[in-house]
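What Swiss-Prot says about this one:
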type: CARBOHYD; residues: ASN275; note: N-linked glycosylation site
type: CARBOHYD; residues: ASN289; note: N-linked glycosylation site
type: SIGNAL; residues: 1-19; note: signal peptide
type: TOPO_DOM; residues: 20-401; note: topological domain 'Lumenal'
type: TOPO_DOM; residues: 423-437; note: topological domain 'Cytoplasmic'
type: TRANSMEM; residues: 402-422; note: transmembrane segment
Amino acid sequence: MKSALCIALALTWSLLVQAARQTVLAVADHDIGGYSTFLQSLTDRDFDVKTSYIKDESAKLFEYGERLYDNLILLSSQSKSLGPVFSPKSLLEFVQSGGNLFVVAGSQLPEGIRELGRQLDMFLAERQSVVVDHFNHAEGSDDIILLDGISENPYIISDETRAAGPILYKGIGHYLGPNPQTQPILRGNPTSYIYNTKTEAEVSKNPWAAGTQLFLVSVLQSSTGERVGLSGSIDMLKDEYLSPQSPSFSKSNFLFARDLTNWVFQRKGVLQATNMTYGKVAEPLESRNASCYRIKDEMIFSIDISLLEDGQQTPYVADDVQLELIMLDPYYRVNLVPVPSDSQTSQHYEAVLVAPDHYGDFTFKIEYKRPGLTPIEEKSTFTLRQFFHNEFPRFLPHAYPYYASCFSVLGAFLLFCGIWLLQKPAKPVVPSAKKQN
């Protein structure tokens with residue numbers, strides 16, 4: 001009996017752990033065995049990794065309208081099409097349903113990836129193009145270039161990666177449109193440019209893109225937090241550069257791939273807002289978040305914000321988190337103040353304000369968006385009412401002049417009446433009679 005109970009508990013625990021792990025589907029159009037180090041690094045970070053062939057008819061992203069995977073990696077270097085399962089439309093639906101997508105393509109990329117990039121405002125160069133640099137390259141090859149134009153955003157790329165040295169890159173490039181949700185992670189050198197090996201001579205006179213406006217790795221984050229990564233180098237993730245046993249091992253490439261996948265798969269740079277409360281100052285916590293308050297009440301708003309870093313919750317401390325109190329237009333826009341608390345996983349913020357002298361439906365709203373961080377959009381609606389008849393003060397300060405005039409008129413009237421009543425009337429003068437002769 002005890003052994004059966006132990007087995008049942010063990011199975012239940014394993015299922016819970018399995019459910020908590022993020023699932024990753026790695027899809028390739030070629031032998032995926034050359035990415036064993038990269039895929040193993042995902043497994044070491046507690047991702048549940050599965051692999052598939054890009055034209056496998058049994059592969060699917062959805063079942064009964066539900067997304068089957070949390071994250072998708074698309075590795076394409078030789079196929080001319082993505083197949084029906086992984087078409088640009090299906091990939092966009094996967095992202096819109098809450099999934100994260102990491103696209104890695106080489107110079108022989110299919111047109112479907114270029115179409116997907118155009119949908120995201122990431123414009124990839126033509127097939128058979130390659131990025132070259134005649135001044136910053138690995139020994140013996142102009143198309144294996146050394147790059148140090150790494151993003152300075154600390155929420156995406158760590159200081160350790162930036163200090164590890166230049167990135168080895170061999171592949172295609174792209175440029176970005178005006179979409180504010182996209183940002184470059186790896187730029188070209190001032191001497192880098194795109195070269196089409198099929199249509200151009202050994203040196204391109206009019207390159208498609210060049211210099212620091214040539215982007216090699218870029219990311220996109222939607223307004224609801226879904227993330228997409230795009231890399232133009234399929235070789236960057238191969239064992240040739242990521243395996244410590246390889247003579248071409250690059251620590252900077254290994255760290256770069258780790259940071260990039262951690263961000264795209266939402267293991268870092270994820271903000272979470274919890275415990276949003278509001279109420280009157282000195283009101284018990286259990287009485288907060290009521291549906292109705294009174295105008296001119298002194299109110300307090302509080303919220304806890306945490307930052308996910310390498311899968312661990314940490315306090316997020318900032319001085320630019322703003323709170324708005326809105327009824328059509330903001331009545332207040334104030335900065336939330338970080339307040340010390342006992343929590344080791346989140347930062348407590350507070351703001352104190354006086355409710356407007358205007359009744360109606362109001363909304364507390366926080367809208368916080370920063371590059372590299374998932375957006376925070378929290379709001380709660382409540383009603384502000386007028387004073388009840390027994391809540392008005394006995395005397396209003398603004399009415400003091402009217403009170404004074406009223407009492408002064410009353411006093412003057414009483415004084416007049418008193419004077420009039422107390423004043424003795426004068427005796428009438430009787431004229432004397434004239435003597436008769």
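Here the Cβ of each residue, glycine as well, is placed from N, Cα and C on the backbone.
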Conformational class of ASN275 (N-linked glycosylation site) under the three-state DSSP mapping: strand
ASN275 (N-linked glycosylation site) and ASN289 (N-linked glycosylation site), distance between Cα atoms, whole Å: 11
Local confidence of the topological domain 'Lumenal' (20-401) - pLDDT mean: 92
Three-class DSSP secondary structure - ASN289 (N-linked glycosylation site): coil
